[in-house]
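Asks: Sharing a structure, written as structure tokens. Questions coming.
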Amino acid sequence: MKALLALGFLASWVAAGEHALRGECPADPLPCQELCTGDESCPQGHKCCSTGCGHACRGDIEGGRDGQCPRILVGLCIVQCMMDENCQSGERCCKSGCGRFCIPGLQPLQQLKDSNLTDGFNSKLEAQAP
């Protein structure tokens with residue numbers, strides 16, 4: 001029975017090896033590291049947060065595009081981009097714990113002044129003014 005089990009394992013290992021590519025996998029661009037020791041060790045406006053396997057400063061990526069990164073992808077260690085330029089137009093490369101994702105940037109409320117809701121509200125205020 002053990003020999004049959006070992007033979008089955010060996011056959012599956014050989015079959016899996018047939019699909020493997022040559023070469024080595026690249027190093028993880030964001031390995032688990034202690035990149036900060038507290039909020040005071042981070043740039044202004046950033047916090048020292050757990051990545052699940054270390055700590056890193058979290059906040060906007062300096063020098064990036066307009067808009068803020070939403071905080072919905074925490075805990076996923078997938079690196080889809082390294083900087084905003086790796087993303088499509090209108091998207092930001094946002095940190096998420098130990099990963100980075102391309103997602104549309106959130107605009108601050110002041111920048112939403114062209115929306116229909118704001119225009120309608122301003123029209124009502126102007127009509128009520130003496």
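Each residue, glycine too, has its Cβ placed from N, Cα and C.
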Asks: Among Cys77, Cys94, Cys98, Cys102, which cysteine does Swiss-Prot link to Cys87 through a disulfide?
Replies: Cys102
Asks: Cys25, Cys32, Cys53, Cys57: which one closes the disulfide with Cys42 in Swiss-Prot?
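Replies: Partner cysteine, according to Swiss-Prot: Cys57.
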Asks: According to Swiss-Prot, Cys77 takes part in a disulfide bond; indicate which of Cys53, Cys94, Cys98 is its partner.
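Replies: So the cysteine paired with Cys77 in Swiss-Prot is Cys98.
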Asks: Per Swiss-Prot, which of Cys25, Cys32, Cys36, Cys81 is disulfide-bonded to Cys53?
Replies: Cys32
Asks: What's the CA-CA gap between Cys93 (disulfide bond) and Cys102 (disulfide bond) in angstrom, rounded?
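Replies: Cα of Cys93 (disulfide bond) to Cα of Cys102 (disulfide bond) measures 5 Å after rounding.
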Asks: Quick one: of Cys32, Cys36, Cys77, Cys94, which disulfide-bonded residues lie within 10 angstroms of Cys49 (disulfide bond), measuring between C-alpha atoms? Sequence order, please.
Replies: Cys36
Asks: Compute the C-alpha separation of Cys57 (disulfide bond) from Cys102 (disulfide bond), stating it in Å without decimals.
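Replies: Given the Cα positions, Cys57 (disulfide bond) is 18 Å from Cys102 (disulfide bond).
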Asks: Give the residue from the disulfide-bonded residues Cys49, Cys102 that has the most other Cβ atoms within 10 Å of its Cβ, counting over every protein chain displayed.
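Replies: Of the disulfide-bonded residues Cys49, Cys102, the highest Cβ count within 10 Å belongs to Cys49.
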